[in-house]
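According to TrEMBL, the features are:
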type     : residues                                           : note
ACT_SITE : Asp253                                             : active site, proton donor
BINDING  : Arg64, Gly65, Ala66, Arg98, Gln212, Asn263, Lys264 : substrate binding site
SITE     : Cys173                                             : site 'Transition state stabilizer'
Amino acid sequence: MADQDAQSQVGSEPPALSVLRWDELPEGPAVVLLDQTRLPSEEVELVCADVPALVRAIQSLAVRGAPLLGIAGGYGVALAAARGDDVARAAELLGQARPTAVNLGYGARRVARAHGAAVGQGAGPGAASAVALAEARALHREDAEASGRMAQYGLRLLAELLPGSAHRLLTHCNTGALVSGGEGTAFAVALGAHREGRLGRLWVDETRPLLQGARLTAYEAARHGLPYSLLTDNAAGSLFAAGEVDAVLIGADRIAADGSVANKVGSYPLAVLAKYHHVPFVVVAPTTTIDLDTVDGASIVVEQRSALEVTEITSPQIISAGSGGFRPAAAPVGAKAYNPAFDITPPELVTAIVTEEGVISPVTGVGLAELCARSSQVTIS
Ligand SMILES: CSC[C@H]1O[C@H](OP(=O)(O)O)[C@H](O)[C@@H]1O
């Protein structure tokens, strides 16, 4: 098997990625992003000087991943406040940029609420803008802290679930530092296992059509020297059949009150495979991804994306090999395509949900409410 068997360099940590930051530029404040559509071939920053630019970055997945979308939503509202733009309208535009990840609307509304409260108490534009920025920074910090705690709970759970110490973990999409204020969600658990010498192999689903696994998780795994192997999404079944998967670790974009999990398309088939092969299927997500106001999986809005993402080869590396942005066709011109960005895994297929407030297993709606009650971030509405 052709492994991307990076030298395991436990102990030699790469510099932290600057995934998203607030910057006071000569021309004014801005949200500065590591443009994830250019990875892994180019590490390029994207400067968003206003909310429309940030909305475009969210919709193109230059910035992506539920927890990071929440952070981006918060800084986006702070940017509107700093510019003297309509804060309520900014929160609405940001919240509508992508429908499935609950964190995006949560982050935008939380900062808008803080700004509104300051104004209501008589704060002038400058003071209220400072309050908004402070709330966005608090959200950023809390997510980084949540990432560390999820990794610890996740490692403890793997020790309970899996015998031995060379875990073979399969992950889907990208759930590392590129989706987080810290080291991520599910990927942070795999990274923690590696640091403890407990990671035998990280199986990385390429995750068609936008290749978050091949482009982003492989990039993060290589940076950390993880022993990883990339696979096409449709090769996962044969890995399970060969007994090569000890557990599945995935993230989430929205968890409904009944424990249904919305995550990158392809997660549900993995859950069915895991059930059939008696392999733990573990979801790792902060409580800001739990949405008690959405009663069940059928109520979750699943983002439908352009057919072109399926009918054209969209990997930036392949596009850059084309001429003038030409996108090689992967199908006849004009072919119709079904391109849901997410799918829904029912609670009965989920072994456990790992959050920064603890683990629920088996998943029950009551357990989710209890976890949210423990979290300082319970005000999702
Ligand atoms: C832990 S959040 C990461 C989550 O977000 C991804 O979706 P997208 O790349 O479209 O933002 C995917 O669902 C990941 O599991």
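Note that Cβ sites are derived from N, Cα and C of the backbone, with glycine treated the same way.
Counting Cβ atoms from all protein chains shown, Arg64 (substrate binding site) has 26 others lying within 10 Å of its own Cβ. There are 29 other CB atoms within 10 A of the CB of Ala66 (substrate binding site), with all protein chains counted. Residues from the binding-site residues list (Ala66, Arg98, Asn263) with a C-beta closer than 6 Å to any atom of ligand 1: Ala66, Asn263. Using a 10 Å radius centred on the Cβ of Arg98 (substrate binding site) and all shown protein chains, the other Cβ atoms total 23. Asn263 (substrate binding site) sits 9 Å from Cys173 (site 'Transition state stabilizer'), taking the CA atoms of both as reference points. In the three-state DSSP scheme, Gln212 (substrate binding site) falls into the helix class. Cα spacing between Arg64 (substrate binding site) and Cys173 (site 'Transition state stabilizer'): 11 Å, rounded to the nearest whole number. Residues Arg64, Gly65, Ala66, Arg98, Gln212, Asn263, Lys264 are recorded as binding substrate; their most distant pair of Cα atoms lies 17 Å apart. Counting Cβ atoms from all protein chains shown, Asp253 (active site, proton donor) has 31 others lying within 10 Å of its own Cβ.
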